[in-house]
Amino acid sequence: MEAGGQPAAPHVSVILPVHNAEAWLDECLRSVLQQDFEGSMELSVFNDASKDKSMTIIEKWKVKLEDSGILVVIGGHDSPSPRGVGYSKNQAIAQSSGSYLCFLDSDDAMMPQRVRLQHEAAVRHPTSVFTSHGPTVVMPTWFCSREWFSHVGPFDEGGQGVPEDLLFFYSHLRKGGGVVRVDQSLLIYRYHPKAATHSVLERIGDSVLPPEGMSFAGRCGFSTGILCPGRADVHLHGGCHVHCHNRTTIWTHRVRFLEERALPHWAAFTIWNAGRQGRRLYRSLMAESRRKVVAFCDVDENKIKKGFYSYEDSEERPKPRVPILHFRAARPPFVICVKLAARFVVAGYTQQITDMDPRWQNSEENKPHRHPCRSLTLS
């Protein structure tokens, strides 16, 4: 208790937006209860118009959590339609009071040591976002101080299809924030057909499934750091599709950030991938950035035999003809552009390629050179 009888603010607030999450909430909330953090904790839940039994499950766990000393704050609304993940996160943060914010999605589960280890790191690095072990920065693993969030935030509240986490992360980097990784697996990340990540548009023309009971037209209207691409095509009942063409896509945001943060420091660079994704990146660049592309490189002999890529849609005369080289003949810096499952990745580490293309595995000849380079991850 603080002076005057007021309870002291908790050290950590777990931020939990919820929308129709009854299938996963028991496991998620159990993981909050099982944290081994010895400081004070608070769970801040915001229910974004759930129509299932999510609130019943939350109320059940509220008793268990508070009996264990974890304060539970519940907010929400019962409007016909959800207002989106960005709005829900902002509301959950506003109603919470912890000095540090631990972000959690309702379909994920934390390892018992997560809050303890990330809190220890956050105390040492007050202007950083903290993630767990893994190849990318995934929003559900974020942990940061409230003070730093207030400096950077809030999340974009554009609604479904808006990558509010990526936009927040870009703002975080622009304001001088860092990224610190706790090299342990701290979270079980569930990837399933109903995940919010599928609503994020990867490119113009991608289809998006609207929430139950609403039409997409009412939501048309990108923000964390990082990550979660949209599925290329989602079928509605009866085989229909819903398209949205008046929104900036996650791909465009990533490419523009690459041009803002990395490419100005390079006089020239090589695109690692002469296939569809590499060509797509080239076409997506602004003219000034395209002129810095000195070559494509690849491991596929059929692509290399073509000799060059001609950008037919260019207004330049003569039209640009970019050489296609074997990766061993290419020179850094590289922008590696590959498609992994539903994710597009642009990374600065050639090591990742060996994990994505079976033609490169267990082959001394095809092991990439370990060129140091600077770039950005688009996942």
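Cβ atoms are placed via backbone N, Cα and C, with glycine included.
Going by TrEMBL, these are the annotated features:
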COMPBIAS  357-367  compositional bias 'Basic and acidic residues'
DOMAIN    13-148  domain 'Glycosyltransferase 2-like'
REGION    357-379  region 'Disordered'
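In the domain 'Glycosyltransferase 2-like' (13-148), the DSSP tally of helix, strand and coil residues is 50 helix, 35 strand, 51 coil. Here the domain 'Glycosyltransferase 2-like' (13-148) has a mean pLDDT of 93 out of 100.
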